[in-house]
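One structure is given below, encoded as structure tokens.
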Amino acid sequence: MPIDSLPPLREVINTYGLQAHKSLGQNFLFDLNLTSKIAHQAGNIEGKPVIEVGPGPGGLTRALLAKGAIVTAIERDERCIPALLEIEKHYPQKLKIICNDALKQDFSKLFEISPEKPRIIANLPYNIGTQLLLNWLLAEPWPPFYESMTLMFQREVAQRITAKPQSAHYGRLSVLTGWRTIAKIAFDVPPQAFIPAPKITSSVVHIIPRTQPLTCSAQKLSFVTKTAFGQRRKMLRQNLKTLGGEVLLEKAGIDETRRAETLEISEFVTLANLVI
């Protein structure tokens, strides 16, 4: 059943010649049941501010607007703007379109004077999804400018985001996510839901910021985790050699023969707080 009276997405794509560009990490989401499910996962968004990154032809955008959200859409691909403007006509005063590279966008300033924090809800372009997430996780000050994030990633990336210590997917991204937020995989999305269909399954991840994460410099924790996971199979005394190696680990009370994937987030925080 249509969620609005706008033309079907396939028709929109044909009208505006919006073939997905691999160089932009684009995979357009066509399944209206799934776009509505993503919007629903973010909670009650009626009358609430929402940031969407990479709306493309506007499939998820329409689902967000249909649920009453006030959407700010960041789209780098100028080809998509006319299609998004057609949606804006259908939802006056509800959709703001910004043509910009999301990696260059200062998101915190978009809602500086707003009484409510926005929710970030997006089918992120595959080629910038991880970097965008890191930018939002390491944002200062904390608590951040957003209330929550409901984001689609490649399944493997989603597993890395939510992984626990001692697991195959546990790494730097897991630590930085778990330090400042609570993240869970909400549901998977099959390849056939997209045009073009990717070769892998995707997953929607719901992320809620912690109000009081363990005290630590984001910059230092980012650096320590990057160094510790640099060569996964090596012991920490080797990987952390440039940061003090055995001396640093002894101060932290951590066995020098352990590997990075065995450390709890709190232990990484201890290491980061000891780094000068």
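Placed from the backbone N, Cα and C atoms, the Cβ positions cover glycine too.
Just so you know, the Cβ of Gly54 (S-adenosyl-L-methionine binding site) picks up 26 other Cβ atoms within 10 Å once every protein chain is counted. In the three-state DSSP scheme, Gly54 (S-adenosyl-L-methionine binding site) falls into the coil class. For Asn27, Leu29, Gly54, Glu75, Asp101, Asn123, the entry in Swiss-Prot reads S-adenosyl-L-methionine binding site, with the evidence type sequence analysis.
DSSP assigns Asp101 (S-adenosyl-L-methionine binding site) to coil in the three-state reduction, placing it in neither a helix nor a strand. Working note on the binding-site residues Asn27, Asn123: by count of other C-beta atoms within 10 Å of each C-beta, Asn123 ranks first. Counting other Cβ atoms within 10 Å of each Cβ, the lowest count among the binding-site residues Glu75, Asp101 belongs to Asp101. When Cβ atoms from all protein chains are considered, those within 10 Å of Leu29 (S-adenosyl-L-methionine binding site) total 22, not counting its own.
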